[in-house]
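Participant: Per TrEMBL, active site, acyl-thioester intermediate is recorded for Cys173. The substrate binding site feature in TrEMBL is assigned to Arg71, Gly72, Gly73, Gln74, Val75, Thr76, Tyr77, His78, Ser142, Leu143, Gly144, Gly155, Val156, Ser157. Under the heading domain 'BPL/LPL catalytic', TrEMBL lists 32-213. Taken from TrEMBL, the feature site 'Lowers pKa of active site Cys' applies to Lys139.
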Amino acid sequence: MNEGRLIVRDLGLQPYGIVWQAMKRLTNERDQNTRDELWFVEHESVLTLGQASKPEHLLQETNIPVVQSDRGGQVTYHGPGQLILYPLIDIRRRGIGVREMVTILEQLVIQWLAEYGVQSYTKAEAPGVYVKVSNNDAKIASLGLRIRKGCCFHGVSININMDLSPFKMINPCGYEGLRMTQLSEFIPSVEPGYANIKNQLLELFVRQVGASGSISISNPLQILVD
């Protein structure tokens, strides 16, 4: 496994399309010497359709933009207050399989939630991370990846402190009636900006993939525009 240092970027609040195009460009242009990156971002409100999405999972007309994405999975919602981790990782170079990469992302969320005393789990038939709310499954993190040339992009979205109502416009991840939840339902207050949360997740991520890195907010837009 190549234990190179990650480039870690905190992009703040960004439109989905700009970040998606930047991910694709980096993945298409990278070679065997390109350093891996991890991006933290929140998106402006958007519904994204994965490659397995079906029209019937959009339940009503909405003014929220709808984007057909190239990630795996079905339909989901992104918006402010949801923290997304995009690992742009050469998994072939690091000796990580596709299923293992999914497990890495799920487990880092599970381990991170445990630090707050929140017990969570995965479901074999439905990728993501779940918690029990009133004895029912509730999803707190959604996952969708794309692999190209042995490199992954897209990632995992974690509901922190957001407006969950747009999820009622869809069958989240293709599951009718799936309840969504967020960290703020389990802890009394969530810090603005999520600086500690980002550092906690980064520490867990680099431990999982055998890398190192620190968060930088310098010139985040330089990777998003030509």
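Including glycine, each Cβ sits where the backbone N, Cα and C put it.
Curation plays no part in TrEMBL annotations; they are all automatic predictions.
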Participant: Between any two of Arg71, Gly72, Gly73, Gln74, Val75, Thr76, Tyr77, His78, Ser142, Leu143, Gly144, Gly155, Val156, Ser157, the residues recorded as binding substrate, what is the biggest Cα to Cα distance in Å?
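Facilitator: Max Cα-Cα spread across the substrate binders: 15 Å.
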Participant: Going by DSSP, is Ser142 (substrate binding site) part of a helix, a strand, or coil?
Facilitator: strand
Participant: If you measure Tyr77 (substrate binding site) to Lys139 (site 'Lowers pKa of active site Cys') at Cα, how many Å is it?
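Facilitator: Taking the Cα atoms only, Tyr77 (substrate binding site) lies 12 Å from Lys139 (site 'Lowers pKa of active site Cys').
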